[in-house]
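Undergrad: The structure is given below, and queries will be raised subsequently.
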Amino acid sequence: MSADPFREPPLRRPSPPAFNVPSVVLVFIAALVAVHLFRVMVAGPTIEGWMILNLSFIPGCYSDLAEICTVRAPGADLWTPASYTLLHGDAMHIGLNSLWLLVFGTPVARRLGAQRFLVFSIAGSVAGAALFFVINPTLLQPVIGASGAVSAMMGGASRFALSRGDRFSMMRAYRHQPLTPIASALSDRTVLVFVIVFFATNLLFSAGMGGAFGEGSVAWEAHLGGFVFGFLGLGLFERRPSDGNPH
């Protein structure tokens with residue numbers, strides 16, 4: 001039987017654009033940039049000092065009643081394990097965090113949806129702050145930056161967006177792609193190399209080799225805490241079938 005020359009070919013489901021960034025990721029980055037520009041260009045010394053004191057994470061304030069801790073706003077110890085994400089030291093600091101948020105936040109936001117993505121990001125920040133506190137319980141130096149949240153996105157994305165054999169899978173990852181079991185993920189060469197490089201890089205930071213990445217020291221403890229949380233805990237934030245059409 002000859003083919004019908006007038007028959008239209010079957011429609012093919014298009015692949016998602018490689019750089020179709022979810023709105024929640026763009027809003028997240030815009031908020032970080034807006035807060036940073038306000039702090040360095042608009043706020044005077046008094047307001048900037050208030051922001052650093054009451055939005056940054058200061059681990060020593062949970063175990064020491066130093067003077068700096070007594071002048072913080074009431075309740076600061078409750079919100080600062082998350083709010084430190086909003087502050088950055090310099091342009092290099094916020095630039096790198098925004099770049100990695102764009103790359104790794106995109107597949108995670110597609111998978112979780114906007115609300116779950118934000119909750120996951122906050123939880124990643126808290127996890128990063130928690131490990132930082134465990135290692136530095138008496139440190140009174142403010143900790144700032146979105147690295148804890150971004151590291152959680154990196155850990156979470158590595159569970160489903162790195163082992164598909166597609167160089168663009170990170171930015172094209174669908175939320176219906178199966179979540180790779182932890183043991184299987186760690187046996188995947190791409191994922192394993194990614195995890196090893198991440199930990200090795202942060203070990204270099206712990207040895208004081210992070211000065212090239214901006215002012216101040218690198219909070220590698222928050223990186224590790226966020227990454228481990230994201231890698232192990234992404235499944236807890238997954239949307240269930242009853243949450244809506246998976247396609």
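Note that the numbers count up from 1, one per residue, in the order the chain is shown.
Keep in mind that glycine also has a Cβ here, set from the backbone N, Cα and C atoms.
Quick paste from TrEMBL:
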| type | residues | note |
| --- | --- | --- |
| DOMAIN | 77-232 | domain 'Peptidase S54 rhomboid' |
| TRANSMEM | 20-42 | transmembrane segment |
| TRANSMEM | 117-135 | transmembrane segment |
| TRANSMEM | 141-162 | transmembrane segment |
| TRANSMEM | 191-212 | transmembrane segment |
| TRANSMEM | 218-237 | transmembrane segment |
Undergrad: Which residues, given as numbers and ranges, are at least 6 beyond the ends of the transmembrane segment (117-135) yet have a Cβ under 8 Å from it?
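TA: Counting only partners 6 or more residues beyond its ends, the transmembrane segment (117-135) has Cβ contacts under 8 Å with 22, 24-25, 28, 57, 59, 62, 80-82, 84-85, 105, 108-109, 143, 146-153, 156, 219, 221-226, 228-230, 233-234, 237.
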Undergrad: Any residues 6+ beyond the ends of the transmembrane segment (218-237) with a Cβ under 8 Å from its own?
TA: 108, 112, 116, 119-120, 123-125, 127-132, 134-136, 143, 145, 147-160, 179, 182, 185, 195, 198-199, 202-203, 205-206, 210
Undergrad: If you average the pLDDT over the domain 'Peptidase S54 rhomboid' (77-232), what number do you get?
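TA: The answer is 87, the mean pLDDT of the model over that range.
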